[in-house]
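According to TrEMBL, the features are:
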DOMAIN    5-69  domain 'DUF1899'
REPEAT    78-112  repeat 'WD'
REPEAT    128-170  repeat 'WD'
REPEAT    176-217  repeat 'WD'
REGION    409-430  region 'Disordered'
Amino acid sequence: MSWHPQYRSSKFRHVYGKAASKDKCYDCVPITRNVHDNHFCAVNPHFIAVVTECAGGGAFLVIPIHQTGKLDPHYPRICGHKGSVLDIKWNPFNDFVIASCSEDATVKIWDIPKHLLTRNITSPTKELLGHVRRVGLIEWHPTANNILFSSGYDYKIMIWNLDTKEAVVSKPVKILDAHKDVVLSMSFNTDGSLLATACRDRKIRLIDPRAGTVLQEASYKSHRVNKVLFLGNMKKLFSTGTSRWNNRQIALWDQNDLSMPLLEEDLDGSSGLLFPFYDSDTRMLYVVGKGDGNIRYYEISPEKPYLNYLMEYRSHLPQKGIGMMPKRGLEVSACEIFRFYKLIPTKSLIEPISMIVPRRSGSYQEDIYPLTTGAQPALTAQEWLHGFNKGPILVSLRPGSGSVNSLPQFPEPEPLVKTTDMSQHRGGGGRILLEDMQKPREIKDHRKQPKMEDKLPKNEQMCFSNIFDIFERPPPKTESELLQMFYRQQEEIRRLRELVNQRDIQIKQLELELRNLCSDTVSY
């Protein structure tokens, strides 16, 4: 194992993996038998998508995240491809848009309805035609809206701008033709200005995607790379592959010098692929083995020994693929810092696995939940294509903090009391009375009471954070489902009480600021 000192202080040294109970798994899911080396699963706070077996073409399922239990065998599918689906990815800035690629050499963009699916979806919103052979990989840009990368067996990476009205897009904005074999993996740095690729020619390449130039190239012969991953802002790359003796191997690289790895380590003699996942908030690295049930996890440090082994989650059920929930969909009240969705085709089962930091307190643990990547794009597609770089917009995971849903944000309505009219509501002693500020709002509320919901923002019309709309879920059929709904409602009531307390504090602060401002104006 990786060398690590005997005593090392860490908040995550006791992290453990916890598999979900049977009633919280997804059963009777016809998981694909395809041997392609991909995740075959994509997850966001609303849905879980999984590639499925399908006769005559390719299809995948989109299941509401809280619709656990046995799946109806006639559940509707997304089935517009003529060949097997090889990869699916959710849009990071819209939880109701998903991209898929297939052996039919096309990439398709799908709009998923917010209500429950009642019939098969066969017509995509957009179809991207450019590759001449099957498309094996797709990746959304991490900070720019509507920028999609696709990689095919024609050895080309194509960059697509989806900010167009055309339903069929046949010309990508850029073609990267720097590879001599099939691209096995793609990964972006934090602001999306650099792209790292792993190729079947055993080389790692660091590419400027807009210029199309190769900045660095690694051809280290004793490490045959399969997957490569940027480690956030650490300026390091992590790769998985095999050694000369066909042992599964991991390696750590300096982003500015790919001639020799900083660290190289053999894990075991299994033949399955290793999928790496990195959490830049906690600096934890997860290595998931395909064909076995193990998940190894490490902590990354900027100094030697760089890679600190923590623990290993073991299971006797082998995984075919794996999905990962974004941080904004985690259960922070349970100190959950990561969640996998494990595909088990032998049992037609999808099993959630939560990585948990053991804490006694049930309150929000701010030290293990720093600001994380939100669901709002930092750049438009045109801004990124014209050379602008910007890091992701960060949000807090504290319940009630907002800014964590992924629907497009619209301009907020104007406040009911404008600052220019505040002098009319000024009370004695240079203070604006709260009752006077509420009077105009009360009058409008009485006049337009039936349309009150139209005035509220979407995140206040239905105050359920990180869970599916309760009116769109099927009604509870068993006692356990009823209890689950009851506990969710209790948790939501607790969250709303915290939110009300926060609002009260904000109101008092604003009253104090207004009082001081009015006093300064009178004295002036």
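Cβ coordinates are placed from backbone N, Cα and C, and glycine is handled just like the others.
In TrEMBL, annotation is done automatically, which means it is predicted and not curated.
If you look at the repeat 'WD' (176-217), the same-chain residues 6 or more away from its ends with a CB under 8 A from one of its CBs are 37, 136-137, 139, 141-144, 147, 149, 151, 153, 155-159, 223-230, 232-233, 237, 239, 241, 253, 255-258, 280, 378, 384-385, 387, 389-392. Helix, strand and coil residue tallies for the domain 'DUF1899' (5-69), in that order: 3 helix, 24 strand, 38 coil [DSSP]. Secondary structure of the repeat 'WD' (78-112) per DSSP (helix as H, G, I; strand as E, B; remaining residues coil): 0 helix, 22 strand, 13 coil. Assigned with DSSP, the residues of the repeat 'WD' (128-170) fall into helix, strand and coil as follows: 0 helix, 22 strand, 21 coil.
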